[in-house]
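Just below is one structure, and these are the notes that go with it.
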Amino acid sequence: MKDEQLYYFEKSPVFKAMMHFSLPMMIGTLLSVIYGILNIYFIGFLEDSHMISAISLTLPVFAILMGLGNLFGVGAGTYISRLLGAKDYSKSKFVSSFSIYGGIALGLIVILVTLPFSDQIAAILGARGETLALTSNYLKVMFLSAPFVILFFILEQFARAIGAPMVSMIGMLASVGLNIILDPILIFGFDLNVVGAALGTAISNVAAALFFIIYFMKNSDVVSVNIKLAKPNKEMLSEIFKIGIPAFLMSILMGFTGLVLNLFLAHYGNFAIASYGISFRLVQFPELIIMGLCEGVVPLIAYNFMANKGRMKDVIKAVIMSIGVIFVVCMSAVFTIGHHMVGLFTTDQAIVEMATFILKVTMASLLLNGIGFLFTGMLQATGQGRGATIMAILQGAIIIPVLFIMNALFGLTGVIWSLLIAESLCALAAMLIVYLLRDRLTVDTSELIEG
């Protein structure tokens, strides 16, 4: 295994190495966005913009649940990988058990502190009038499924951590497939509308979590679901949370950004929220593919920063070129068939026109957004956790003043363009931070090989 890793780090063609490290991550991130696409796609057949808005308004809550999953999934997953590299299989059982039951406990806490306040939370998210009840109903199902949603994110990360990316993809594919089957049955067959969409996603997450649990119980001797092993110590907590907290923070700030944006859009009516919801789901496809690409090559870039800076530069060039190709293809698609893409989700012409405009603007930020992902990953890989944390905070902080200024100057059009402006500023900030820290970047290459 070590020789194979060294081959991809040092000798394989750059593109082959890039795909080896990135493809599983790209597929995983791509599948994760399909959940939201499915819900809006099927709800769109009901031709009710209030329902589309209700689903769109819940995006920040989903980001928070994902963040709670990443707290243990990313944090413990990377720790488990290091333990396996050190042949410390026994300790990995304790880490996995604690993280699994810690995630379940977090999910139960989410139910207790949110379910009684679903209406109030829906209002905070920006729901008004008829949309308020629909959003609240969707949130209730989401909150009740929180333990399984969090568990799903944790176990999916564990599958990757132990070197079973195919198991991760099978679990996600099965979940998406089940959602495709359940959504039309629950939404139309049982006439549950928004609640049906929420139930379809919830049941799919439950099924996926159970799939992973059964797999680990039968096939893994390094991931344990035995609650008796859920005994944390100071070292374990430190190793999990020093990586998990930044991952959690990034997801939380993503949700906060979505919340602030929803509040601005709410001033311009239901159609503005629905339009953004559709365009956001569409732009997520290439955005998450690029995110997976950038996160996947982090070990490759980090290793060659120390071992072969020429190869590192070639990798960075290859990633930037790949981002550029994705950007050109997506922009071409948006400007040629963007109207038809949006039309798959609604027949309301006002929403179609607005969503198409938003899609063009947000897709235009894809190139700089991708470069921002790449440079943030470089900061993480080369030991600059503080720089990466600063970037995560900036992503949430920059958008707020930009929104206020652009909204005051140009109204709804300004709110939409603020997305492109904020992404551009974040990308420039990432490049500046990397430049300023260029002489301080260090990495432990032995950890990369072992992990």
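The backbone N, Cα and C atoms fix where each Cβ goes, glycine too.
Per Swiss-Prot, transmembrane segment is recorded for 26-46 (among others), and the stated evidence type is sequence analysis.
As annotated by Swiss-Prot, transmembrane segment applies to 54-74 (among others), with the evidence given as sequence analysis. Residues of the same chain lying 6 or more positions beyond the ends of the transmembrane segment (54-74) and with a Cβ under 8 Å from any Cβ of it are 36, 39-40, 43, 99-100, 102-103, 106-107, 110, 121-122, 125-127, 131, 134-135, 137-139, 142, 146, 149-158, 194, 197, 240-241, 243-245, 247-252, 254-256, 258-259, 262, 273-274, 276-278, 280.
The transmembrane segment annotation in Swiss-Prot covers 97-117 (among others).
Sequence annotations record features per position, and here Swiss-Prot assigns transmembrane segment to 139-159 (among others).
Sequence annotations record features per position, and here Swiss-Prot assigns transmembrane segment to 170-190 (among others) based on sequence analysis.
A Cβ distance under 8 Å defines the sequence-distant neighbours of the transmembrane segment (194-214), meaning residues of its chain 6+ beyond its ends; these are 35, 38-39, 42-43, 51, 54-55, 134, 137-138, 140-142, 144-145, 148-149, 151-152, 155-156, 158-159, 167, 170-172, 174-176, 178-179, 182-183, 185-188, 225. What Swiss-Prot records for 194-214 (among others) is transmembrane segment.
The feature transmembrane segment is assigned by Swiss-Prot to 245-265 (among others). Cβ atoms under 8 Å from those of the transmembrane segment (245-265) belong to residues 56-57, 59-64, 66-68, 70-71, 74-75, 124-126, 272-273, 276, 380, 385, 388-389, 392-393, 395-396, 399-400, 403, 407, 412, 415, 419 of the same chain, restricted to positions at least 6 beyond its ends.
Residues or ranges marked as transmembrane segment in Swiss-Prot: 282-302 (among others).
According to Swiss-Prot, the feature transmembrane segment maps to 318-338 (among others). Away from its own ends, the transmembrane segment (318-338) comes close to residues 14-15, 18, 286, 289-290, 293-294, 297, 356, 359-360, 363-364, 366-367, 370-371, 374 of its chain (Cβ-Cβ under 8 Å, at least six residues beyond either end).
Marked as transmembrane segment by Swiss-Prot on the basis of sequence analysis: 355-375 (among others).
As annotated by Swiss-Prot, transmembrane segment applies to 397-417 (among others), with the evidence given as sequence analysis.
What Swiss-Prot lists as transmembrane segment is 418-438 (among others). With a threshold of 8 Å between CB atoms, the same-chain residues lying at least 6 positions outside the transmembrane segment (418-438) that come near it are 261, 361-362, 364-365, 368-369, 371-372, 375-376, 378-379, 384, 387, 390-391, 394-395, 398-399, 402-403, 405-407.
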Distant-in-sequence neighbours of the transmembrane segment (170-190), which means Cβ under 8 A and at least six residues beyond its ends: 28, 31-32, 34-35, 38-39, 42-43, 45-46, 152, 155-156, 159, 196-197, 199-201, 203-205, 207-208, 211-212, 215
Folded-back contacts onto the transmembrane segment (397-417), same chain, C-beta under 8 angstroms, at least six residues removed: 257, 260-261, 264-265, 268, 272, 276, 357-358, 361-362, 425-426, 429
